[in-house]
Amino acid sequence: MSDEVTYATLMLQDSARVRGNQDGNNLRKEGHPAQSSLWRGAALSLMTLCLVLVTGLVTLATMFLQVSNDINSDSEKLSQLQKSIHPQQDNLSESLNSSRKSLTEESLQSQISALLERQEQMATKLCKEFLIHASDHKCNPCPKTWQWYGNSCYYFSINEEKSWSDSRKDCIDKNATLVKIDSTEERDLLQSQLSLTFSFFWLGLSWNSSGRNWLWEDGSFPPPTLFSDKELASFNGSRDCAYFERGNIYASRCSAEIPWICEKTASLVKTEDLD
């Protein structure tokens, strides 16, 4: 009896063990699909991430190539620009140096001219002082028997009288012209000499029949500021030459014989003649 009980017990235990093993196997078989799905999801995510990374790398590589090409193109343009700028810079430098040199030369020339002018003024002033005490001083810029006033030398024909044409010829022989009055100062100066020498004299002014006007020997017109319109209107075609008297000009026959005055530019006063 006890043997039967023991056998029955063993059979029940074996049966229970078999069922337990079957249940465990069934549980393992049921759990495998869940793990496989999880791995597939992870793999898909990794593949997607790799695809995104590859796409990003390709995009970055494309952008890098584009930027590299742009840099190379800009470098070539910069190089060409530098090549074109260098000659311009050289030309600009040469022009600047030339301008500086020109300005320096002009400045020096201006200073030299100013110094020479100042020297001439001082020499002229000293010479006039010397001539007050010695009329024949060697610094005199005018020939002997000539009078020096301003920038001109004057020759007064004190003891001679000639026609206008002969007077003009005499002045030409002296490398001068019949006097031309350019300013009120010169007019007043000549007027002051009349009381000392003579009362009237020929002018280098004559009637131009073709132009129907009065002209100085250099072809210029007598200024209306020196002689009134009334005085100019007093001229007529029968009297073709002009003379000066008491501060005015008058017309006369050119054949009339009266004194005359020659005029020419005074020479520069030499500093070595001031000794």
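Cβ from N, Cα, C; glycine included.
Model, not experiment: these values are computed from the prediction.
Now, the feature entries from Swiss-Prot:
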type     : residues  : note
TOPO_DOM : 1-41      : topological domain 'Cytoplasmic'
MOTIF    : 5-10      : motif 'ITIM motif'
MOD_RES  : Y7        : phosphotyrosine
TRANSMEM : 42-64     : transmembrane segment
CARBOHYD : N91       : N-linked glycosylation site
DOMAIN   : 149-263   : domain 'C-type lectin'
DISULFID : C171-C262 : disulfide bond
CARBOHYD : N175      : N-linked glycosylation site
CARBOHYD : N236      : N-linked glycosylation site
DISULFID : C241-C254 : disulfide bond
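With DSSP classes pooled into helix, strand and coil, the tally for the domain 'C-type lectin' (149-263) is 26 helix, 39 strand, 50 coil. The two recorded residues N91 (N-linked glycosylation site) and C171 (disulfide bond) have their Cα atoms spaced 58 Å from each other. Cβ neighbours of C254 (disulfide bond) (same chain, under 8 Å, six or more residues apart in sequence): S163, W164, S165, S206, D240, C241.
Geometry remark: C262 (disulfide bond) versus N175 (N-linked glycosylation site), CA distance 9 Å. C241 (disulfide bond) is surrounded by 26 other CB atoms, counting those within 10 A of its CB over all protein chains shown.
Sequence-distant contacts of C171 (disulfide bond), defined as residues of its own chain at least six apart whose C-beta falls under 8 angstroms from its C-beta, comprise Y155, T177, L178, G204, W260, C262, E263. For N175 (N-linked glycosylation site), the same-chain residues lying six or more positions away in sequence with a CB closer than 8 A to its CB are K264.
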